[in-house]
Amino acid sequence: MAHILKTLNSWFWWENIWMPINCTWADFVDRDGLVFPKPQQLYATIPYAFVLLIIRFFTERYVAIPLAKALGIKNVRRVKPQPNPVLESYFRECSRHPSQSEIQGLAKKCNCTVHLVEKWFRRRRNLEIPTVLRKFQEAFWRFSFYFASSIAGFIFLYDKPWFYDIWQTWVGYPFQTLLPSQYWYYMAEISFYWSLLFTLGIDTKRKASGHAKQKVDKSTVLILDLVQPHEGSISLSLAHLHPSLFWLSGSLSVCDQVSTSTGRPSGAALTWLYFFSSPQDFLAHVVHHFAAIGLMSGSWCGNYLRIGTLVMFVHDTADFWLEAAKMFNYAHWEKTCNMLFFIFSIAFFITRIILFPFWILRATLYQPTFYSTTPVIAYFLFNGQLLILQGLHLYWGYLILKILKRFIFLKDLKDDRSDEEEEDSVTDNEEESTKNGNKNGCGSGKHLLTSSQH
């Protein structure tokens with residue numbers, strides 16, 4: 001095993017993968033005032049990530065919460081449903097939105113009223129939905145980081161010649177010295193994505209709109225999770241603007257219609273058929289964050305620092321506008337949210353649709369051939385990832401244009417992929433009967449056979 005690992009390590013760090021011909025790793029030893037990036041320096045991003053988590057904790061608690069309250073966001077207390085193994089099993093294994101006939105059957109099994117079963121499922125679904133305050137806290141943290149990194153990136157880059165002349169990114173390559181600003185810029189960005197990986201299990205998960213109706217056979221498919229908004233709203237609901245691209249494997253639930261919470265007939269909603277599964281959405285974020293870390297770490301090892309810092313700067317300068325729009329959307333400041341979204345749209349198209357392909361991609365695809373007659377494997381690897389990234393930019397731009405079109409012509413920018421808490425109107429008598437587990441309330445259900453729970 002040790003021999004295999006040693007062989008893989010030697011193959012992975014083979015010079016022909018990472019650097020131009022006639023160069024070896026020995027050429028990148030610090031000398032004569034020249035400092036070069038070293039792969040082992042990336043280990044520091046792990047403890048830095050925990051530092052960011054500490055900063056995030058205090059930022060969300062002592063800055064985000066007071067700001068949310070100032071904007072009118074209340075911390076809603078969730079009422080937990082009474083423990084009931086039968087209903088809990090049905091909720092997890094069958095459906096979170098049972099039909100009326102299914103509710104009646106469950107009421108008979110639990111020896112309680114239909115209304116109390118409906119109340120139990122309503123409360124149970126609400127427990128799965130993060131509070132608005134929690135979503136505001138997370139959006140504020142992302143906004144804070146993207147805004148700070150954008151300001152820092154501009155300070156780091158504004159006096160550099162390659163910020164104005166893209167050709168300068170390759171002058172002197174690969175023997176370009178590592179600047180302190182580049183070091184901290186990379187450490188902060190990579191550490192941030194590590195911190196997002198560490199908190200995936202507790203952060204707000206994206207949800208797909210709709211009701212689970214049935215089970216389908218085991219399969220694996222690539223899904224683009226999209227939902228068209230309803231008519232009748234002029235507010236921006238941007239909690240989950242970006243589309244979800246992810247692999248699904250296993251027993252999948254079919255969502256056959258977009259849910260509506262406004263009381264309109266079902267014909268008012270555009271029907272989409274798509275699959276969703278929360279565990280796979282978790283995996284999608286894992287893949288995304290690892291891809292971002294891999295791309296930045298690879299550019300660090302290959303000493304593509306000048307072009308790498310430009311890529312990070314171009315992306316961060318648009319993202320904080322979106323997070324700001326989300327925050328004001330949670331606070332129901334519709335005009336402010338709409339204005340911020342339009343600013344985000346402009347920033348997105350300038351940075352992702354114009355600057356990234358015609359400025360950065362041109363520099364990575366065309367200009368290196370003037371400095372290395374034989375592109376190395378890393379050249380094709382990183383450019384391939386950047387081209388895929390640009391493909392996603394084009395698709396996201398298409399979605400943004402569709403949203404803007406709906407707003408301009410239909411005055412509709414509501415995103416129904418955002419879960420909304422259901423009203424929970426419960427009388428004191430119902431609550432008391434539920435607690436006591438009498439014949440009119442939902443008991444614990446322990447006397448029922450587990451085989452009848454499905």
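Here the Cβ of each residue, glycine as well, is placed from N, Cα and C on the backbone.
As recorded in TrEMBL, the features of this protein are as follows:
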TRANSMEM  42-59  transmembrane segment
DOMAIN    87-125  domain 'Homeobox'
DNA_BIND  89-126  DNA-binding region
DOMAIN    134-409  domain 'TLC'
TRANSMEM  139-158  transmembrane segment
TRANSMEM  183-202  transmembrane segment
TRANSMEM  339-360  transmembrane segment
TRANSMEM  380-401  transmembrane segment
REGION    416-454  region 'Disordered'
COMPBIAS  418-431  compositional bias 'Acidic residues'
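No contact links the transmembrane segment (183-202) to the transmembrane segment (339-360), because fewer than 3 Cβ pairs that are 6 or more residues apart lie under 8 A. The list of residues near the transmembrane segment (139-158) in space but at least 6 beyond its ends in sequence, with Cβ under 8 angstroms from a Cβ of it, reads 52, 56, 59-60, 63-64, 67-68, 181-182, 184-185, 188-189, 192, 239, 309-310, 312-313, 316-317, 319-320, 323-324, 326-327, 330. Confidence over the domain 'Homeobox' (87-125), given as mean pLDDT on the 0 to 100 scale, stands at 87. Using DSSP to sort the residues of the DNA-binding region (89-126) gives these counts of helix, strand and coil: 29 helix, 0 strand, 9 coil.
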